[in-house]
Amino acid sequence: MTAWSLHELWKTSHSTLFQVTLATVLMAPVLGDCGPPPSLPFASPISQLDEVSFPPGAVLKYTCHHGFKRTNSSHITCDENGSWVYTTFCARKRCKNPGELVNGKIEILSDLLVGLNIEFSCSEGYLLIGSATSRCEVQGKGVNWSDSLPECVIATCEPPPVINNGKHSGREEDLYTYGSMVIYSCDPSYTLFGNASIVCTVVNKTVGVWSPHPPACEKIVCHQPQIPKGELVPGFRHFHTYKDALEIRCKKGFALRGNSVIHCEANGEWFPSVPTCEPNGCIDIPDISYASWDGNRFPLENTAVFEIGTKLKYRCKPGYRANVHDVQIVTCQENLTWSSPSGCERVCCPTPNMEKIKIVSERRDFTGTCVYAYGDYVFYICSEGTYPMTTDGRSSCQADGKWDPAIPSCEADPSLQNHFALTFPNISETNVTNRTYLLENENATESFIKAVCPKPEIINGNLSVEKEIYAEMENITIQCDSGYDLVGSSNIICLENRTWYPDIPFCIMEGPEDCEIVNKGRQLLQCLSSPEDVQRALEVYKLSLEIERLEQQREKRTSVHRKAHYTKVDGPFRPFS
């Protein structure tokens, strides 16, 4: 090969050849050499090398790091491309099997090679005493585990908690091992809330605790619910305890609104809420003034419930009549209300013709719209100069709107111009002369006489007006002393026949203290020893009352027919013969 000087090369005319030659000269030392040897994770060169460039084919020997062992030829070679070529020739050493962990387990994450960890854990209910991990590491010329096997010991709990108003089934022990269970119970009349049993468990794999929390014993009372128109199953009890159940039923005519079964809850309340019994028909019988219910087998009650479509018939009380001619019926309608009744109106009696009669006394009910209504009565006399009446001077307004007896018309008497005679039918003159009369207005031009009545003798009572004699048509009121009851009318009037009407009442003691003062059979049952005696006594008493009533009627008929004519005189009174 001919050597060329650089000057000569520049002078050549072959520029292309020059460029190729120059590149070859410059690249010759780079393409064939290897750089410094690589730093391997498992091995390093046997000796320290100072060279930074190695020719192709150069071989370097390596030695394995601690914890690794040689598995193949431990050298690297520089190839023609200037790269170090090698295969993995060192492998990690392996620690021995750690063995078996009693009541636990060992978790090998990947292998037992150097640098790797294993983990320890205990079985449920056991606590780990020692390290939870161990690492395979180099120790001297070999490898071993960084930590020895731990120990798994069974967990323990303190004695179970004591609760108020209750107890548990555990024995008197200082410690309870994992899995131990105790059962709680409450004292009588107390209810257990929570879990009755608790168990010794482990928390965070470090400590033994009782789980769940112990229960509590409380006294829970639910009061007996009050459900109008409802019935309870089971029957009546003042109190109910937790979780007691009640079934509610409604009485006939009422429908249940709500749940039929309720339970006593921990807060002392019923759940669901207590239902109600609502009417399933019409209630509250219509209040029809002056009417009574008719055609019903049993007395009607406001508390009864009537089904839809029920018809009730009513009738007006004596002295009243229907406002209209409609049927006197009310009906229970679909909306659970009664149809509107037509009602009753008062029956009125006509006002007496006052032209020739004079009303001297009356009893009237001034609260109504009638001048005279059913039950009212009047006392009357004929005006002066007219015929005397043929009745007893008293008439009552009846339920049909008529007076009974009918009020007569008094006719003028032409024979009585300047006087009128005094006569008593069916009474002898001798008897007449023995009667007492009162001369009215003795000094007047026209004088009249009136019959007088003697003072009534009321034992244990008093009169509204105290006098020895009372004039005809004069009213008095009788009132009994304290502790006595009035038998008869409290108001009486003096009639022209010198008798009191109605009969003079009397006062009797309110209640007998013993059998000696029993009045007319009152408290008779206390005085007789057998029912037969009582029956006979009542029959005798009834018979005596009938006799007394007949005598009074006979006396009344006799007094009614005693009528008198009075003589107009100019001086002292004298009866005509």
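From the backbone N, Cα and C atoms, a Cβ is placed for every residue, glycine too.
Database features, via Swiss-Prot:
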DISULFID  Cys34-Cys78  disulfide bond
DISULFID  Cys64-Cys90  disulfide bond
DISULFID  Cys95-Cys136  disulfide bond
DISULFID  Cys122-Cys152  disulfide bond
DISULFID  Cys186-Cys217  disulfide bond
DISULFID  Cys250-Cys277  disulfide bond
DISULFID  Cys282-Cys332  disulfide bond
DISULFID  Cys316-Cys344  disulfide bond
DISULFID  Cys349-Cys397  disulfide bond
DISULFID  Cys382-Cys410  disulfide bond
DISULFID  Cys453-Cys494  disulfide bond
DISULFID  Cys480-Cys507  disulfide bond
DOMAIN    33-92  domain 'Sushi 1'
DOMAIN    93-154  domain 'Sushi 2'
DOMAIN    155-219  domain 'Sushi 3'
DOMAIN    220-279  domain 'Sushi 4'
DOMAIN    280-346  domain 'Sushi 5'
DOMAIN    451-509  domain 'Sushi 7'
CARBOHYD  Asn72  N-linked glycosylation site
CARBOHYD  Asn81  N-linked glycosylation site
CARBOHYD  Asn144  N-linked glycosylation site
CARBOHYD  Asn195  N-linked glycosylation site
CARBOHYD  Asn204  N-linked glycosylation site
CARBOHYD  Asn426  N-linked glycosylation site
CARBOHYD  Asn431  N-linked glycosylation site
CARBOHYD  Asn434  N-linked glycosylation site
CARBOHYD  Asn443  N-linked glycosylation site
CARBOHYD  Asn462  N-linked glycosylation site
CARBOHYD  Asn475  N-linked glycosylation site
CARBOHYD  Asn497  N-linked glycosylation site
SIGNAL    1-32  signal peptide
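Overlay of Swiss-Prot feature records on the structure.
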residue: Cys78; record: disulfide bond; Cβ contacts under 8 Å, 6 or more apart: Asp33, Cys34, Phe54, Pro55, Pro56, Gly57, Ala58, Val59, Trp84, Val85
residue: Cys122; record: disulfide bond; Cβ contacts under 8 Å, 6 or more apart: Leu101, Asn103, Gly104, Leu128, Cys152, Lys205
residue: Asn144; record: N-linked glycosylation site; Cβ contacts under 8 Å, 6 or more apart: Cys95, Lys96, Cys136, Glu137
residue: Cys282; record: disulfide bond; Cβ contacts under 8 Å, 6 or more apart: Val305, Phe306, Ile308, Thr310, Cys332, Gln333, Leu336, Thr337, Trp338
residue: Cys480; record: disulfide bond; Cβ contacts under 8 Å, 6 or more apart: Ile458, Asn460, Gly461, Leu486, Cys507
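Across the domain 'Sushi 1' (33-92), the prediction's mean pLDDT works out to 88. Across the range of the domain 'Sushi 2' (93-154), the DSSP-based residue counts are 0 helix, 32 strand, 30 coil. In the three-state DSSP assignment, the secondary structure recorded for Asn195 (N-linked glycosylation site) is coil. Within the domain 'Sushi 7' (451-509), the DSSP-based counts of helix, strand and coil residues read 0 helix, 30 strand, 29 coil. Put simply, Asn204 is the one of the recorded positions Cys186, Asn204, Cys217, Cys494 whose Cα lies nearest to the Cα of Asn72 (N-linked glycosylation site). Cα of Cys90 (disulfide bond) to Cα of Cys217 (disulfide bond): a span of 72 Å. Secondary structure by DSSP for the domain 'Sushi 4' (220-279): 0 helix, 28 strand, 32 coil.
The two recorded residues, Cys397 (disulfide bond) and Asn204 (N-linked glycosylation site), have Cα atoms 104 Å apart. Candidate recorded positions: Cys64, Asn81, Cys316, Asn475, Asn497. Nearest to Asn204 (N-linked glycosylation site) by Cα distance: Cys64. Taking CA atoms as the reference points, Cys186 (disulfide bond) and Cys316 (disulfide bond) are 69 Å apart. Taking the C-alpha atom of Cys217 (disulfide bond) as reference, the shortest distance to any of the recorded positions Cys250, Cys344, Cys349, Asn497 belongs to Cys250. The glycosylation sites in question are Asn195, Asn204, Asn462, Asn475, Asn497, and the one with the fewest Cβ neighbours inside 10 Å is Asn204. Nearest by CA distance to Cys453 (disulfide bond), out of the recorded positions Cys64, Cys316, Cys410, Asn462, is Asn462. Residue density at Cys90 (disulfide bond): 20 other Cβ atoms are found within 10 A of its Cβ, drawing on all protein chains shown.
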